[in-house]
Amino acid sequence: MGIKGLSQLILDEAKDSVKEDQLKNYFGRKVAIDASMAMYQFLIALKNTGMDLTDKDGEVTNHLQGLLARTTKMLEYGIKPCYVFDGKPPQLKSGELEKRKERQKEAMEQFALAQEEGDEEKMVMWNKRTTRMTKEQSNDGKKLLRLMGVPVVEAPGEAEAQCAELCKGGLVYATATEDMDALTYATPVLARHLTFSEARKQPIQEFTFKQVIEGLGVTVDQFIDICILCGCDYTDSIKGIGPKKALAMIKKYGNIENLLKNIEGKHYQAPSEFPYEEVRNIFKNPDVTPSSELVDTMKWTEPDEEGLIEFLVKEKQFDEERVRGYIKRIKSSRGKPTQTRLDGFFTPVASSSTTKKKAPAKKDDKKSATDKKRKAADASTSSKKKK
């Protein structure tokens, strides 16, 4: 879920802390990617088309296709991605996880109803909401990335917190996730939409933590309190206090303790259980592996060609010719000379307006039904494929 309304609050109140750019301008950058978030995007990408990719056992492989295509594109742009996988969530998150299960159950019931009524539009909508990342899918993603020569970090706790630790430790330039709580974990740079398909024509939205704090006119501790008041995964928020009011009240009262004293008896309603002190501690002292212990993990190596063929073609029924094409592109990307970075590409923005992108790739000649599905997946994960 992240932090409710935080991105818009920052765009409204600290617009100079947000910049837009295109993926290709991240050449030479190392980025830590929230793997679960990225793979979830890939899983639902084909839900809109009703063209789920599956293996011989009928298991969906959309996430592997998306991971292969998008990671290859990043490598071709000279970006070095590191994928960070979630570990055990904090106990305080159990309530939010239970709510997600309930929403998934409702979505499954609504999907079945839409199926009975033959309402295809609602079927697609509810089908997307039933999607959850399984442990098997997560393990398959790790296996694919390692075979591609891309580093994988398994966080002891929340992936966003581990990404932030890698960024604070100087091992990567940015945390790439859609969850705004990466900023609450004090990642120096947050890059949203980095794993989106270029076909979506949505620019990368980059937040700089130091400028966010300065723009909002608060301390780091106050920023954490604002995020808690906005609403996060670890506790319910106070009814009647949204993002802008949270900012104003923390500026006025200094912290949640003083705020609670001053709203007592008024129309604001705090949750019966409001463990804000524990939530604060989660954000300030998250369960992470120190970046100093992960230096040797952050290595990008040659792809395991035969391993990829065995896994993707023989186990997952990917088209061999297309897989070998990806392998060739990955190898070619490693042979490119290092370019000098020019950091003047970024332009500050006040809203998430789109920028022009390249036109989508032309359709290839029709082959088998399976191959057509693979092409559809490519179109949803990359706007242009190198021949």
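Backbone N, Cα and C atoms are what each Cβ position is placed from, and that goes for glycine too.
Since this is a predicted model, take the numbers as computed values, not measurements.
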Annotated companion of Asp34, Glu158, Glu160 at the Mg(2+) 1 site, Swiss-Prot, chosen from Asp57, Asp86, Asp221, Asp225: Asp86
Record-annotated Mg(2+) 2 site (Swiss-Prot): member among Asp233, Asp236 besides Asp179, Asp181: Asp233
Residues satisfying Cβ distance under 8 Å from Glu160 (Mg(2+) 1 binding site), sequence separation of at least 6: Asp34, Thr175, Thr177, Asp179, Asp181, Ala182, Tyr185, Thr187
Cβ-centroid neighbourhood (8 Å) of the Mg(2+) 1 site, Asp34, Asp86, Glu158, Glu160 excluded: Ser36, Met37, Val84, Ala155, Gly157, Ala159, Ala161, Gln162, Cys163, Thr177, Asp179, Ala182
Other CB atoms, at most 10 A from the CB of Asp34 (Mg(2+) 1 binding site): 26
PLDDT averaged over the residues of the region 'Interaction with PCNA' (338-346): 49
Number of Cβ atoms other than its own within 10 Å, given for Asp233 (Mg(2+) 2 binding site): 21
Asp86 (Mg(2+) 1 binding site): tally of other CB atoms within 10 A of its CB: 20
